[in-house]
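Q: First the structure, then my questions, so here it is.
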């Protein structure tokens, strides 16, 4: 979809989100499922002990869910014969991981308080817990979301940005969701933990902007490291660290950007673009400023809702009471 068409649609969506969203509040499950937040954190911690990378994977799920028609758990729905969901969209296929961690959290909650806690809320709690358990800030999450009754691969393709996106495009995109330039840079700091695929950066290494040459903003020694990790014609699913401390939530990501060591194009462009550069510098110098801005951004991101009808799914992968195909008599 052309950007000129996409942006008005996003603006309409953001207005609908603001106008029709049901109220969210902290401690929403205090009476109906008082152990909910503790149980979700326990599941996240257990999975991080088994695979530290799951923290970043779980945190990313909130971004990819909330940007597409609000925070409604639509990302978690599996495809059906009548619905192409978001899991196989361009930004998600072979990229998003740890759906099974959310499944485990849901199954745990269903045993304790069945039919009470939405998958959409589990995503929000899990993302917060992944940050906290990686050494990042804690915050009170607002809850009370319902789960979407459908999902759309097309909506995800139209909305989610590419790793090739530049800062100017990202600023425009985030603004349609009432997220500021500061929010953009702070939320990009989610790349303080985790890994990215070679598939997302080979163009930077060998053919930036169709020049047949590497991105000149990559620091030379770092580029040599990336060349070895991601040789031309190599396995695109090999992964590299998004910053120098990929298991610790800190402000190293911004320090790396200042030194030309951003992994993704969409990361490094935050330092090369004047409007975002000031925040990269601020966050690289002042950890507390970054952590506060990140929490503010995550709360604003979590407030995005579509206002569409929903439910509390029993299984995060399917809507409730989906009709079973009736086989013809033989």
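Note that Cβ sites are derived from N, Cα and C of the backbone, with glycine treated the same way.
Marked as active site, proton acceptor by TrEMBL: 64. TrEMBL lists 161 with the feature substrate binding site. Annotation comment: TrEMBL describes 243, 245, 250 as Ca(2+) 2 binding site. TrEMBL lists 33-113, 66-71, 119-316, 198-230 with the feature disulfide bond. Under the heading signal peptide, TrEMBL lists 1-20.
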Q: Could you round the CA separation between residue 33 (disulfide bond) and residue 66 (disulfide bond) to a whole angstrom and send it over?
A: 24
Q: Between residue 113 (disulfide bond) and residue 71 (disulfide bond), what C-alpha distance do you get in Å?
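A: Rounded to a whole number, the Cα-Cα distance is 22 Å.
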Q: Quick one: pull the CA-CA distance for residue 243 (Ca(2+) 2 binding site) versus residue 198 (disulfide bond), whole Å only.
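A: Residue 243 (Ca(2+) 2 binding site) to residue 198 (disulfide bond), Cα-Cα distance: 14 Å.
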Q: What residue among the recorded positions 33, 66, 113, 161 has the most other CB atoms lying within 10 A of its CB?
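A: Its Cβ has the most other Cβ atoms within 10 Å: 66.
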Q: What same-chain residues, at least 6 away in sequence, bring their CB to under 8 Å of the CB of residue 250 (Ca(2+) 2 binding site)?
A: 135, 136, 192, 287
Q: How many Å separate the Cα atoms of the residue listed as 'substrate binding site' and residue 64 (active site, proton acceptor)?
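A: Cα to Cα, the residue listed as 'substrate binding site' and residue 64 (active site, proton acceptor) are separated by 10 Å.
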Q: Relative to the Cα of residue 198 (disulfide bond), which of the recorded positions 66, 245, 316 has the closest Cα?
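A: That would be 245, nearest by Cα distance.
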Q: Which one is it, among the recorded positions 64, 66, 71, 119, 316, that lies nearest to residue 245 (Ca(2+) 2 binding site) by Cα separation?
A: 64
Q: Roughly how many angstrom lie between the C-alpha atoms of residue 316 (disulfide bond) and residue 71 (disulfide bond)?
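A: The separation of the Cα atoms works out to 13 Å.
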Q: If I take the alpha carbons of residue 64 (active site, proton acceptor) and residue 230 (disulfide bond), what is the distance between them in whole Å?
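A: So the alpha carbons of residue 64 (active site, proton acceptor) and residue 230 (disulfide bond) sit roughly 25 Å from each other.
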